[in-house]
Amino acid sequence: MADEEKLPPGWEKRMSRSSGRVYYFNHITNASQWERPSGNSSGSGKNGQGEPTRVRCSHLLVKHSQSRRPSSWRQEKITRTKEEALELINGYIQKIKSGEEDFESLASQFSDCSSAKARGDLGAFSRGQMQKPFEDASFALRTGEMSGPVFTDSGIHIILRTE
């Protein structure tokens, strides 16, 4: 029976005090609905092709001297080359893949984005809100999947899709 199946991530079953009916609430997106959520959806919606209209991602950004704003909360003036930034990114990817480090701790320690304070979490976003290469990579990832190096005007990113 469908009611016995596990709910998608973020969803919980609640009882309406006013109507006495069961409804479903997503504590990540704050969405609520009467119908049981299906599949891997976290309330982010799907377009007509079954693609999500919103995703949630975390990232680790390494800026370099050619970044559009070569400074960060970690360093006032970033002087590393693009090649050095890519070496750092590839090193972080290896540490994550080997299990030596987890994504969130590396993002909080080494990301040049202020989202480091949130362990790299950028929250949910729709198409058109991020730089195109970042957006394309984010929407191409499956939930729980990590990207390789993604190049934008901001620098080089590792992206982890969380929803």
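Easy rule for this one: first residue shown is 1, then count along the chain.
For all residues, glycine too, the Cβ spot is worked out from N, Cα and C.
Remember, predicted model here, so these are calculated numbers, not experimental data.
Per Swiss-Prot, the features are as follows:
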type: DOMAIN; residues: 5-39; note: domain 'WW'
type: DOMAIN; residues: 52-163; note: domain 'PpiC'
type: MOD_RES; residues: K46; note: N6-acetyllysine
type: MOD_RES; residues: S71; note: phosphoserine
type: MOD_RES; residues: S108; note: phosphoserine
type: REGION; residues: 33-54; note: region 'Disordered'
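Sequence-distant contacts of S71 (phosphoserine), defined as residues of its own chain at least six apart whose C-beta falls under 8 angstroms from its C-beta, comprise K63, K77, I78. Just so you know, the Cβ of S108 (phosphoserine) picks up 18 other Cβ atoms within 10 Å once every protein chain is counted.
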